[in-house]
Amino acid sequence: MNMAALIFYSSSAAAAASPSSILFKHNSSSTTGRCCSSSSPGLAIPLASNLHSAAGADHHIKKAFRPPLQVEEQVTHSMPAEKVEMFKSLEDWAEKHVLTLLKPVEKSWQPQDFLPEPSSQGFLEEVEELRKRAMEIPDAYYVCLVGDMITEEALPTYQTMLNSFDGVRDETGASLSSWAIWTRAWTAEENRHGDLLRHYLYLSGRVHMRQIEKTIQYLIGCGMYIKTENCPYRGFIYTSFQERATFISHSNTARHAKQHGDMKLAQICGTIAADEKRHEAAYTRIVEKLFQIDPDGAVIAFADMMKKKIVMPAHLMFDGRDGRLFHHFSAVAQRLGIYTAKDYADIMEFFVGKWKVEGLVGLSGEGKKAQEFLCSLAPRFRKLEKRAEERAKQQALPTMVRFSWIFDREVQL
Ligand SMILES: [Fe+2]
Ligand SMILES: [Fe+2]
């Protein structure tokens with residue numbers, strides 16, 4: 001899940017966005033006629049007419065369904081065909097080094113392990129206790145938890161994304177290739193995250209479930225565009241980054257829940273965070289292997305993803321009202337320290353070190369440029385963020401935004 005797209009939407013770093021920045025088309029920003037547009041550099045959200053407001057002569061024509069947020073410019077299949085064969089030749093390696101990081105189902109936790117047992121006598125009492133604990137937690141925290149949960153719930157999009165990568169996709173839906181086995185089992189493990197958070201939030205009584213469910217339906221309908229170009233190099237760099245980002249985010253929601261005295265919620269978030277960590281290890285290992293066998297290809301792909309910036313999976317989030325919902329959710333997460341621009345820079349720096357980018361030798365001219373770019377990236381990014389932070393501090397009044405997820409109560413950004 002997460003919010004480094006706040007980088008993309010709101011920070012000064014957006015000014016450095018590459019020419020391939022995503023162009024969004026906003027089809028129906030509001031069912032009530034209220035619109036939000038962004039003035040961020042590199043981001044264009046042209047507003048079009050409401051989906052349901054047919055006008056003029058074509059009022060009798062039933063309009064086709066369109067997702068409310070669309071990405072206009074997209075790049076596909078950039079990896080040369082011969083590299084597809086390389087991924088096929090890595091099947092045995094993936095079986096030994098990646099599939100071993102999956103947990104057998106019988107040893108896996110299930111959402112029910114952390115929730116009141118509906119068949120037990122004490123069910124209502126347990127729910128009552130859960131709701132009492134939930135009363136102590138502030139609205140801003142719930143905005144973050146709901147955003148995290150919605151991100152997890154858009155899992156069909158992520159499985160689709162993994163199956164868009166050339167050379168590693170699940171060709172049949174039940175393929176026995178190591179890559180396909182990983183993708184299905186990874187999805188099955190991830191599926192528990194949204195389930196658990198959703199059940200908890202439902203029982204808490206603190207959130208507007210219908211608005212949340214609408215947001216999930218919109219988000220899955222919108223999909224995501226993460227600029228991986230069907231290329232598994234870019235794809236696994238993205239997933240490494242993303243799993244680390246979700247690990248950080250869920251760890252921080254666990255820490256905050258503990259501070260608010262809810263040890264059970266802390267345990268829920270901490271358990272999910274541990275899964276993300278294991279998934280991060282798997283994707284990181286794949287990229288490490290790519291750096292070993294094709295350092296030039298790997299370093300160029302890494303630099304390309306960092307130039308384009310990691311777009312967060314829920315960047316097309318919409319609740320039917322707020323055209324800048326993802327930006328607002330990200331801003332709350334940044335303020336609370338659940339996931340911040342500093343985390344984004346830390347992750348970049350971590351992978352530059354982990355994949356030993358500085359020590360790569362024998363690179364092509366393009367590879368060397370990519371290496372130089374990556375090695376100077378985190379400090380430059382931090383400088384830009386610091387300036388953006390200082391500018392934000394100079395703002396006289398805090399911005400308050402209403403979130404439909406919490407019954408339109410206001411939360412400070
Ligand atoms: Fe997850
Ligand atoms: Fe994950």
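Backbone N, Cα and C atoms are what each Cβ position is placed from, and that goes for glycine too.
Features reported for this protein in TrEMBL:
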type    : residues               : note
BINDING : E152, E190, H193, E276 : Fe cation 1 binding site
BINDING : E190, E243, E276, H279 : Fe cation 2 binding site
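The binding-site residues recorded for this entry are E152, E190, H193, and the Cα of E190 lies nearest to that of H279 (Fe cation 2 binding site). In the three-state DSSP scheme, E152 (Fe cation 1 binding site) falls into the helix class. Of all the Cβ atoms in the protein chains shown, 22 others lie within 10 Å of the Cβ of E243 (Fe cation 2 binding site).
With the fewest other C-beta atoms within 10 Å around its C-beta, E190 stands out among the binding-site residues E152, E190, E276. When the binding-site residues H193, H279 are compared by the number of other C-beta atoms lying within 10 angstroms of their own C-beta, H279 comes out lowest. Rounded to the nearest whole angstrom, the C-alpha distance between E243 (Fe cation 2 binding site) and E190 (Fe cation 1 binding site) is 11.
Under 6 Å, Cβ to nearest atom of ligand 1: this is the test, and of the binding-site residues E152, E190, H193, E243, H279 it is passed by E152, E190, H193. A Cβ within 8 Å of the Cβ centre of E190, E243, E276, H279, the residues given for Fe cation 2, is found for these other residues of the same chain: W186, E189, Q242, T246, F247, D275, K277, R278, E280. In this structure, the binding-site residues that sit close to ligand 2, with a C-beta under 6 angstroms from any of its atoms, are E243, E276, H279, chosen from E152, H193, E243, E276, H279.
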